[in-house]
Amino acid sequence: MNAAAPRAFVVGWPIAHSRSPIIHNYWLHQLGLAGRYEAVAVAPPDFADFAQNLAARGFVGGNVTLPHKQNAFGLVAEATHSARRLEAVNTLWIEDGRLYGDNTDSEGFLCALDEAAPGWEAIPGEAVVLGAGGAARAIVAALIDRGRSVVLANRTRARAEAIAAHFGDAPKVIDWRDLPAALKTAGLLVNTTSLGMKGQPPLDLDVALLPQDAVVHDIVYFPLETALLRAARARGLRVAPGLGMLLHQAAPAFARWFATRPKVTPELRRLVEADIEKAL
């Protein structure tokens, strides 16, 4: 490989579980581009030094994952509208010697939902979002942008209220125990919690309460099909698996470093699915 070929990364702590190297190196190979993408483990106390010295380390940019996204936002010289709105960065790049940051999570969510459930926006009812972490914030922003009324529920209500306040109280916050009533009129259900992930407790929800035309999106992709998605499919509901968001948020980031917008193909999806299945 050419010594000057661009190098990009995904940084987190821990990071061994990341599928991002599979995704980006697949695109580099398929597009015939010189470059390399690698996982880098950086502990929180060392992150600022890492991010502020990317060029010296030979990187053109990279992805940022837990627990560094909010810290990254505070370190960039320039941030996109999406990053400023979410106060978190998942994509870094160097431009004219300055560190830039973006957040592609909202875009990734919408692309995945549009792909899996075309026409979902026309379904009446509110979007019920479960959880109050960084992913929930990005998804609430995306749904507001599409003109959707959002109902937000989290096991710790105060965290959901903090997200609602961030968006000018646009999402309506409800107690977790009130979810059954909210599901009865929901057009979209999105799980952003870790419930249902391998090694975590299940998400105890009755999808039979949802209207027959509702769509269910679970951002958990380990396992590829959660119990929530299986139950929704069994009822005949349309579902959007979590892997789609992971793949689609990666595409605009790749374009920042390698100047080409890649496509999310069935072949790429199968490649990542196979890697996840091996780890289950």
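For all residues, glycine too, the Cβ spot is worked out from N, Cα and C.
Binding of NADP(+) is attributed by Swiss-Prot to Gly131, Ala132, Gly133, Gly134, Ala135, Asn154, Arg155, Thr156, Arg157, Ala158, Arg159, Gly242, and the same site annotation extends, among Ile144, Ile174, Ile219, Ile276, to Ile219. Of the listed binding-site residues, namely Ser18, Ser20, the sparsest CB environment within 10 A is found at Ser18.
Across the structure, Lys69 (active site, proton acceptor) and Asn90 (shikimate binding site) place their CA atoms 6 angstrom apart. Counting in whole angstrom, Arg159 (NADP(+) binding site) lies 19 from Asp105 (shikimate binding site) by their C-alpha atoms. Cα proximity to Tyr221 (shikimate binding site) (within 10 Å) is found for the following binding-site residues from Gly133, Arg155, Arg157, Gly242: Gly242. Sequence-distant neighbours of Gly133 (NADP(+) binding site) (same chain, 6+ residues apart, CB-CB distance under 8 A): Arg159, Thr192, Thr193.
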